[in-house]
Amino acid sequence: MAPKGKVGTKGKKQIHEENQDTLKFYSRIILGANAIYIAVNLLLFYNSSSFWTWFSLMFAVAVYVGSYRSMSAMAKPAFAEDGSLLDGGIDLNMEQGMAEHLKDVILLTAIVQVLSTLSSYFWYLWLLAPARALHLLWVNFLGPWFSADSQAAPEENEKNDKKQRRQERRQMRRF
């Protein structure tokens, strides 16, 4: 049974500690994926590495740097002059937040990067990121904007509502 009442809020100290743990976890994922990719593609199979091997590594590093820096900027705490914590930063573990999407991008890139040691075709899976971004853009912004009624529509809706009410009254009289 679900607990009744409001969900408890986190304190700024707890948010700060969880943010530090989250950043540490994702930095380990980034370092691990890069280590595996470099060990396999650039050390073990150095003779068969090409421009695309280096390009994909640079692409992954750029994605990692952008995502990780954004997350660390969001989680940056504010301290008072005496060293006490004023603000723990934005909660990186908050559901439906921007940090959730950044974490997904890091995980997708790490998975694709490690799988690409088996075949370069796994890089096509990275197309899931822009597809997800377009889906979110459509669902949250473009779809509602295109399906919104125009300014002239409320007048027509009032006329149609009046006609509908008249027809309902007539039907009620008949029965």
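Heads up, the Cβ atoms here are built off N, Cα and C, so glycines get one too.
Database features, via Swiss-Prot:
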COMPBIAS  162-175  compositional bias 'Basic residues'
REGION    152-175  region 'Disordered'
TRANSMEM  25-45  transmembrane segment
TRANSMEM  51-68  transmembrane segment
TRANSMEM  105-126  transmembrane segment
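Residues 26, 29-30, 32-34, 36-37, 40-41, 52, 56, 60, 63-64, 67-68 of the same chain, all 6+ positions outside the transmembrane segment (105-126), place their C-beta atoms under 8 angstroms from a C-beta of that stretch. Per DSSP, the secondary structure of the compositional bias 'Basic residues' (162-175) breaks down as 13 helix, 0 strand, 1 coil.
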